[in-house]
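Below is one structure, written out as structure tokens, with a few remarks after it.
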């Protein structure tokens with residue numbers, strides 16, 4: 001009898017112990033293998049009917065949440081209380097072979113009710129437009145993202161990210177695990193239908209968060225086999241972060257998943273959590289089995305679902321077209337008329353590595369320009385207009401309208417654009433050699449431009465201006481021609497860029513006078529006096545540009561000797577003495593004398609005070625190609641519009657002026673000799 005009683009007691013103890021392993025819970029730690037009796041609060045699509053925690057199913061645009069019912073207490077006076085450790089096994093089954101739904105996340109939240117906070121699709125059922133990126137949200141999540149989207153800016157559709165109060169991850173990486181034998185990370189498809197282990201460990205004292213992944217052995221072992229045996233030594237993500245600034249005193253832990261137009265079944269097969277220490281290792285042999293793959297539906301049900309879907313899409317299309325027509329004027333009409341490719345913000349964010357400073361190519365009056373690389377490998381330059389730029393939108397519209405359809409080998413091509421939440425971004429061809437200004441005036445280049453390279457650049461810019469003035473369907477006035485706006489490609493060909501001040505108009509229509517904009521030294525007399533902008537004002541600026549390239553000097557240089565401060569005036573004085581070539585850049589030892597004289601005289605012709613006496617861009621190109629001889633100005637007189645700039649203006653010049661603090665003097669120059 002005693003033996004029987006002892007046996008009963010023994011098996012009773014074992015039963016209690018096993019029950020504890022299957023469903024062990026206290027306020028600060030618990031382990032679940034079968035979720036049917038787990039102390040969880042479920043909403044949305046989430047259910048535990050078959051043992052595993054089933055977060056999402058084959059429902060479109062839905063969410064599923066599951067939170068441990070007992071709150072976790074985090075005490076501000078004890079940093080160790082913020083330490084926690086959790087591990088869980090998940091499996092995601094896509095309903096279509098190549099599409100994977102939107103993913104899931106482990107969440108620590110001040111509330112168990114995320115139904116009003118979290119939207120579906122790319123927000124993973126956690127965030128929405130109202131609470132995204134708000135410090136008052138107090139949400140921490142580790143996301144397992146299985147679908148590339150334009151909201152979260154993470155990796156490319158199979159990544160793990162750390163989210164703090166926003167769907168935009170503070171750190172993310174392609175899903176993978178460290179293989180010690182191979183000494184490298186091995187890619188790990190998240191939506192493969194296979195079981196995957198995740199460890200999330202946070203040290204509240206050191207303030208370090210580690211996220212580690214590993215595949216689970218299949219089929220399950222018959223005897224106990226613990227997760228600690230397969231945990232990689234190197235975490236996938238490791239980040240210093242102070243969660244005491246994020247967590248409130250009471251938080252809930254759980255999971256969130258979502259679907260959009262793409263559906264998937266998401267399961268949690270086992271879960272262990274502990275506050276203030278290491279979570280109990282999961283026994284792989286005790287994990288819940290994921291259900292079999294979804295069954296094929298009878299033809300009748302398939303047809304019914306298809307008809308319903310078509311009806312829904314048709315109705316949605318009608319509503320979309322109705323709203324599109326109703327709000328057409330709100331959608332910016334110019335965007336339809338001038339429509340280069342539109343990029344998602346996520347793609348540009350990835351391409352520029354989050355607009356990091358080490359990707360910065362330069363900054364101007366309206367914004368910063370960053371280098372980027374698209375997924376295709378194409379290098380781009382992304383101009384991001386400042387939020388507080390008063391003319392930001394106006395400049396953006398001008399560049400889109402002007403550049404979107406312009407095509408010329410000597411123009412920097414606008415590849416596309418992006419508008420998101422007030423952000424203005426323009427995407428251009430990347431010019432690996434930077435601006436011409438860098439080569440002419442900065443010593444950080446490996447070598448100077450040769451004479452033939454400079455001549456080729458001048459001809460290229462002239463060809464681009466001829467296209468803008470005469471060959472495109474409208475007249476395009478660039479209004480800011482200068483060396484810093486000429487970019488150089490890999491072969492050092494010059495390309496005209498930065499259309500931020502550009503204006504375009506139909507042929508035969510004269511533009512009204514406008515506010516004076518441009519750069520000192522490049523602005524024609526009639527522009528500064530009356531605000532008149534024509535192709536002749538572009539020609540005047542091109543003349544200043546020619547002299548700038550040939551002489552290696554800026555049109556106005558406050559650091560030059562007094563007689564050389566105004567470049568066109570100095571060239572004129574040298575012309576009087578039959579010494580034009582004395583003005584050629586001293587770094588050029590291989591220049592061709594006659595070619596240099598032609599360019600200098602052409603620059604002077606473009607600088608005449610009377611716009612009617614300046615040549616057109618077509619004539620200029622004919623002079624440059626040698627098809628027509630330059631007028632014999634060396635034997636006549638030329639009235640030049642030379643800036644009469646005060647010393648104060650010279651020393652306080654700005655790159656782009658809204659007003660011109662100088663006048664022009666009519667100087668008659670007599671050229672003699674060669």
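Keep in mind that glycine also has a Cβ here, set from the backbone N, Cα and C atoms.
Per Swiss-Prot, topological domain 'Extracellular' is recorded for 25-301, and the stated evidence type is sequence analysis.
Sequence annotations record features per position, and here Swiss-Prot assigns N-linked glycosylation site to 57 (among others) based on sequence analysis. Cβ neighbour count for residue 57 (N-linked glycosylation site) (all protein chains, 10 Å cutoff from its Cβ): 19.
Annotation comment: Swiss-Prot describes 117 (among others) as N-linked glycosylation site.
Residues annotated as N-linked glycosylation site in Swiss-Prot: 133 (among others). Mapped onto three states, the DSSP output places residue 133 (N-linked glycosylation site) in coil.
Per Swiss-Prot, the feature N-linked glycosylation site maps to 185 (among others); the stated evidence is sequence analysis. Under DSSP, residue 185 (N-linked glycosylation site) is assigned to a strand (E or B) in the three-state scheme. Within 10 Å of the Cβ of residue 185 (N-linked glycosylation site) there are 17 other Cβ atoms, across all protein chains.
The annotation N-linked glycosylation site is assigned in Swiss-Prot to 210 (among others). In this structure, residue 210 (N-linked glycosylation site) is part of a beta strand by DSSP.
Under the heading N-linked glycosylation site, Swiss-Prot lists 242 (among others), citing sequence analysis as support. The DSSP secondary structure for residue 242 (N-linked glycosylation site) is coil. Cβ contacts within 10 Å of residue 242 (N-linked glycosylation site), excluding its own Cβ and spanning all protein chains shown: 12.
Taken from Swiss-Prot, the feature transmembrane segment covers 302-322, and the record attributes it to sequence analysis.
If you look up Swiss-Prot, you'll see 323-674 marked as topological domain 'Cytoplasmic'.
Counting every protein chain shown, the Cβ of residue 133 (N-linked glycosylation site) has 12 other Cβ atoms within 10 Å. It is 28 Å from the Cα atom of residue 57 (N-linked glycosylation site) to that of residue 133 (N-linked glycosylation site). Here the candidates are the glycosylation sites 185, 210, 242. The one whose C-alpha lies nearest to that of residue 133 (N-linked glycosylation site) is 242. A separation of roughly 13 Å, to the nearest angstrom, links the Cα atoms of residue 242 (N-linked glycosylation site) and residue 210 (N-linked glycosylation site). Other Cβ atoms within 10 Å of the Cβ of residue 210 (N-linked glycosylation site) number 16 in total over all chains.
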